[in-house]
């Protein structure tokens, strides 16, 4: 079964149409009483469940689910003395296994709470052209029988790109899910995680922080693709490009997390620049990309100091802390799969290779797959990496040991075999392959054309 882009478009339009109705019925997280913690929550241990509720998921996964839950839990921001709370959405398939748990890192790529999975997956309001792809990847794990937990990893500040926040809140989301008595999980449950692009930030930092922040978790492997492992390198690469909107999205998320960065940016950004920084707090990734197509965020209409704000010590030091592989203490202690297109025009390949080299020097167990096909791009690799990522996670959860040490190999695929997992998975893999169709090419020409038409 191969769905073409026309069918994918219908699925996306259907999601939009449904969202117009659903949004009227659902409260946004900042309006929803469920998200307000009870008295005394600050004194609880991280990962403690403060409240739970059963919910309905309105994306395409709904037919694969026995039930879904949301858990409000205690967590932190960048340090232990910054207590906060957030929510994870737990999806339970009909054939659920209680010896395995998958952390699915959805890529929000925005600071707006309407884009958090706790809201968008309930409202059916995933708003970008890859929405069906993201849902289909989650469906792979549900179809296999894995319980999937999907944290709102940005917290109340909308900390997009702030890896220490995303990592801590993801690990605490795992703790909360394992402790939830309706699932039959335990501290011995095997845990693995998968994420792509913005979800790769979440997975990369959960993997990095696990050894020091949550050493008790039985994590057996992590899978990540299209990883923005170095935000400075990403900003330098995409500024002025069709994907320039992710520059302001990242700056907004980091400044919301680190007060010293926010204070500095308020001094050096223009009035227009500060107005631009408000946009990612209200809109999701597609709206952000459309608003800032080809925008130069080093220009004088945005910054009084040109590109120098990126290299000012107060900003540079934080961005260095948010670069994977710079601190030996934050080296993954569970096997990790990295998948990156050599021609990735959003998340620079060279930065991921440097992270890989740094982790390996510290004794990590990492497999780097380089997608070398000239047609491989950031968007196409979402699909190309989905099947090998799933197979790798499944092997780890089934107790198969990953190859020791570090190793690399090249992959020239630019699609997936929809028959690879048998009849039960054929429709899901068809949705994924359908996103590629026959129009994906170098530098994500299909997506760029889509964004231009919808500007």
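Quick reminder: no glycine exception, Cβ is built from N, Cα and C everywhere.
According to Swiss-Prot, the signal peptide annotation covers 1-19. Residues or ranges marked as N-linked glycosylation site by Swiss-Prot on the basis of sequence analysis: 98, 230. The annotation disulfide bond is assigned in Swiss-Prot to 115-284, 360-406 on the grounds of similarity to another entry. The feature active site, nucleophile is assigned by Swiss-Prot to 197, with a curator's inference given as support. Annotated active site per Swiss-Prot: 344, 378, in sequence order.
Overlay of Swiss-Prot feature records on the structure.
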residue: 98; record: N-linked glycosylation site; DSSP class: coil
residue: 115; record: disulfide bond; DSSP class: helix
residue: 197; record: active site, nucleophile; DSSP class: coil
residue: 230; record: N-linked glycosylation site; DSSP class: coil
residue: 284; record: disulfide bond; DSSP class: coil
residue: 344; record: active site; DSSP class: coil
residue: 360; record: disulfide bond; DSSP class: helix
residue: 378; record: active site; DSSP class: helix
residue: 406; record: disulfide bond; DSSP class: coil
Notebook entry, point to check: For residue 360 (disulfide bond), what residues in its own chain, 6 or more apart in sequence, show a Cβ-Cβ distance under 8 Å?
Noted result: 366, 405, 406
Checklist line | Residue among recorded positions 98, 197, 230 with Cα closest to the Cα of residue 378 (active site) | finding: 197
Next item on the list: Please compare the glycosylation sites 98, 230 by how many other CB atoms fall within 10 Å of each one's CB, and tell me which has the fewest.
Entry: 98
Check: Looking only at 284, 406, the disulfide-bonded residues on record, which one has the least crowded Cβ, with the fewest other Cβ atoms within 10 Å?
Finding: 406
Checklist line | Distance check against residue 344 (active site) for the recorded positions 98, 115, 230, 284, keeping those with Cα within 10 Å | finding: none
Next item on the list: Taking only the Cα atoms, work out how far residue 230 (N-linked glycosylation site) lies from residue 197 (active site, nucleophile), in Å, as a whole number.
Entry: 12
Check: How big is the Cα-to-Cα gap, in Å, between residue 115 (disulfide bond) and the residue listed as 'active site, nucleophile'?
Finding: 15
Margin query: I need the CA-to-CA distance for residue 98 (N-linked glycosylation site) versus residue 197 (active site, nucleophile), whole Å please.
Written below: 28
Item checked: Pairwise CA distance, the residue listed as 'active site, nucleophile' versus residue 284 (disulfide bond), rounded so that it is a whole Å -> 15
Next item on the list: Could you tally the C-beta atoms, other than its own, that fall within 10 angstroms of the C-beta of residue 344 (active site)?
Entry: 28
Notebook entry, point to check: Judged by the number of other CB atoms within 10 angstroms, which among 115, 197, 378 is the least packed of the recorded positions?
Noted result: 378
